[in-house]
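Novice: Sharing the features that TrEMBL gives for it:
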- 816-831: compositional bias 'Pro residues' (COMPBIAS)
- 31-118: domain 'Ig-like' (DOMAIN)
- 134-208: domain 'Ig-like' (DOMAIN)
- 230-310: domain 'Ig-like' (DOMAIN)
- 318-404: domain 'Ig-like' (DOMAIN)
- 469-567: domain 'Fibronectin type-III' (DOMAIN)
- 604-699: domain 'Fibronectin type-III' (DOMAIN)
- 708-808: domain 'Fibronectin type-III' (DOMAIN)
- 573-610: region 'Disordered' (REGION)
- 808-833: region 'Disordered' (REGION)
- 1-25: signal peptide (SIGNAL)
- 851-874: transmembrane segment (TRANSMEM)
Amino acid sequence: MRMWRGRKPEVTLACLLLATAGCFADLNEVPQVTVQPASTVQKLGGTVILGCVVEPPRMNITWRLNGKELNGSDDTLGILITHGTLVITALNNHTVGRYQCVARMTAGAVASVPAPVTLANLQDFKLDVQHVIEVDEGNTAVIACHLPESHPKAQVRYSFKQEWLEASRDNYLIMPSGNLQIVNASQEDEGMYKCAAYNPVTQEVKTSGSSDRLRVRRSTAEAARIIYPPEAQTIIVTKGQSLILECVASGIPPPRVTWAKDGSSVAGYNKTRFLLSNLLIDTASEEDSGTYRCTADNGVGEPGTAAILYDVQVFEPPEVTMELSQLVIPWGQSAKLTCEVRGNPPPSVLWLRNAVPLTSSQRLRLSRRALRVVSVGPEDEGVYQCMAENEVGSAHAVVQLRTARPGTTLRPWQDAKLATATPPTPGSKPGHPDQMLRNRLGLPRPPTSLQPASLQCPGEKGQVVPAEAPIILSSPRTSKTDLYELVWRPRHEGSGRAPILYYVVKHRKQVTNSSDDWTISGIPANQHRLTLTRLDPGSLYEVEMAAYNCAGEGQTAMVTFRTGRRPKPEIMASKEQQIQKDDPGASPQSSSQPDHGRLSPPEAPDRPTISMASETSVYVTWIPRGNGGFPIQSFRVEYKKLKKVGDWILATSAIPPSLLSVEITGLEKGTSYKFRVRALNMLGESEPSAPSRPYVVSGYGGRVYERPVTGPYITFTDAVNETTIMLKWMYIPASNNNTPIHGFYIYYRPTDSDNDSDYKKDMVEGDRYWHSISHLQPETSYDIKMQCFNEGGESEFSNVMICETKARKSSGQPGRLPPPTLASPQPPPPETIERPVGAGAMVARSSDLPYLIVGVVLGSIVLIIVTFIPFCLWRAWAKQKHTTDLSFPRSVLPPSSCQYTMVPLGGLPGHQASRQPYLSSVSGRACTSGVPVNRGCPAAAMGCPGLRPQQHCPGELQQQSDTSSLLRQTILGN
């Protein structure tokens, strides 16, 4: 006991020290919500549990419902709250809404992203009639099921021959759309089909009131046609989800289906697979957006006429990044917090301070990308949040703002890109930005005895040179599919410069026309290796890294690399072979595999990256692609000055294929350049690679760009269709003293809107001077304006143009693509659009009755005409024959000049087999080759002049009398 009492003051002192350390830790730590509460769908009366995990864990956690604070547990609402967990015992209409957890500590408060809690439900099927679907034997039949509204999405089931089909099996495929595809249909598949909807949360099952009858027919040769989908479709998918584009064709013989994306075959598109004739993408990403075309052909009819279009849009949840987690600003200065937000559709942005939403004022200037606090004071301290939300998700990032008394000298972190007027000063104090960065990145702290020296710059202030760019030793080629080993070394270690404190490495994935956000890593000064993980296979990545010393950020080194491609599993190959065996028309192998036997020049290399070599030279680094069947013999690099108009100039050639980086010397200081690369083999040279990003040659890679002042000038706008507007512009570099720009921002909003926040923004990088604004509303007028930008900021706005989109066609459907340029059949009436049916379906509907009547009438008229023509011909022939029989005695007489028909009789004297003139010695007339020829009367061809039709030529009566007598004698003799 005596010994315990003697130690009591020491224990008390230790407790006080721990409490004091905890307070200081609270000041230095930034509160974070590490596990967000998840959105939940639950049935009425069900239990909901929401979790929230914060860092540091000792923070106090409260909850909000629809923006209102919940004061602990509420028995009336049935809500129980413990530390970090909220439980709704029985969900009802009063407890549905948006929940947020709020974590509070001494440094400030932070709120989680909203977590919607909603009720599950399943509506009834709409009334429908029975449909009859006909399909050719051996083709694929499609039975469509129009699922009712359900939350979450209902699962489809089919009833056939007293048995429920809940999953795909045999030749029955249940697609994500709810359609049932029956592959290689036969007589056994005929019958009645009925669909049902199942809600997995409420476990309700509702069955359609109507059913479909399938008939399988046997036909002869028939041209290919698309039976599903019946018209162009617009598909919206969330990033990371799987995507199936259905395309079912029919014809005899079964047609072959091919796919193309944006006019190019998907054969070289590594992410696609084939499920019969349907196109499958396992994990959708931004680069999968575009127009897909399905074409069917079986050799019968004109090729290319059976085609359908899909417009695919990949929606991305918001991604929010803020490069700094802490910021210290002296009183009276202005603070600018930048927030990089990306997502599709463009997210809305909300700024919060200590979990309270902010509004614009004279001191707080809010925008989608930045928050500027004018004349910072102690009341502005706290945790600031940039929260973004769109239709598919939400995200946020936080930064802690601390203030300091006037006269306190603080050095900002240059890489944060935050404006402050405080000059850099040495020293390491609590709250020093350099120390905060080291704490945030988890960098080891130097020994206490060496700490002041490591942060003290040699020489006078302002004369310390930033660190040179590190030398990256890693190869741009790697066989790894999901990781990359980055290795480097300092350029001039221990050469009298200020020692390196740490490295900052940034990497991101490059996708078509854009890039992902940077992933930032901090590396201690004594470490020269970093493994980049969680990479996508077969993807292009860019890396930027810089060394930091007491003067701040050093020169930047860059490299680009491509991860290895993931080989297809053998089981997938065997499955595709089985599909090919079951349905030869699908041809998955031939559609997805390139023709390796085709020899050609190499493919264009990837877009090169540029890094500084010296004040007048740069390193150009690239990654080659396919060699076209022959080994690459060399590379060549070209460049172009952005200030001047002209062609690309050859920088160097005959680069050995073993070198994937080359130094380009003799560049002009202050000049902007772009570079591109070509590959050569024995068959020729490749197309040029995509141009590099603009690079400004200067003595220091961290040069601060001047902000362009004058913006571009819009010269042309035109509505391409009901959802797209094309615009063109011009930009004169001399208007901004030839300041280099990196691209253009395009802003647009409906003309009838007066709110600047309604402006949406597109970005065009490089020196392109045209752009198409898509996803607009039909028959809507838009205000359009532009800015040019570089790292220094944005220019003033351009002129404002007003353009109106075209009106939607009456036969079109909202959100559908325009019909293809090829001749296509007229779209079906709305009733047929509501329920697509199979090929050749005979469907009885009330709306088809007028067409049926018109068809019957027209068919009857055609039948009558076809029947009447032979009847008329028969009547004419019979009448002529009857006339001939009645005038038989006179038919053998020599024709007079007033008669034109002569019927020779076989067996009479004087008749010759060679059809010579009959009784030529008497009549003086002849019938040559069956054509009467008048020799006795010159005017026989037109009748005798001056005689009436009943009269005869002179001497003809005597000839007729003699001829009649001779005829009688001949007949009696016979």
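Heads up, the Cβ atoms here are built off N, Cα and C, so glycines get one too.
Are these features on the surface or tucked inside, and what are their neighbours?
Specialist: Per-residue pLDDT, averaged along the domain 'Ig-like' (134-208), amounts to 89 for this model.
Proximity of distant same-chain residues to the transmembrane segment (851-874), defined by a Cβ-Cβ separation under 8 Å and at least 6 residues beyond the stretch ends, is recorded for none.
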Novice: Under a criterion of three or more Cβ pairs within a distance under 8 Å and sequence separation of at least 6, are the domain 'Ig-like' (318-404) and the domain 'Ig-like' (31-118) in contact?
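Specialist: The domain 'Ig-like' (31-118) and the domain 'Ig-like' (318-404): touching, yes.
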Novice: Taking the domain 'Fibronectin type-III' (604-699) as the reference, which of 31-118, 134-208, 230-310, 469-567 gives the largest number of Cβ pairs under 8 angstroms?
Specialist: 469-567
Novice: Under DSSP, the domain 'Ig-like' (31-118) has how many residues in helix, strand and coil?
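Specialist: Looking at the domain 'Ig-like' (31-118) with DSSP, the answer is 0 helix, 49 strand, 39 coil.
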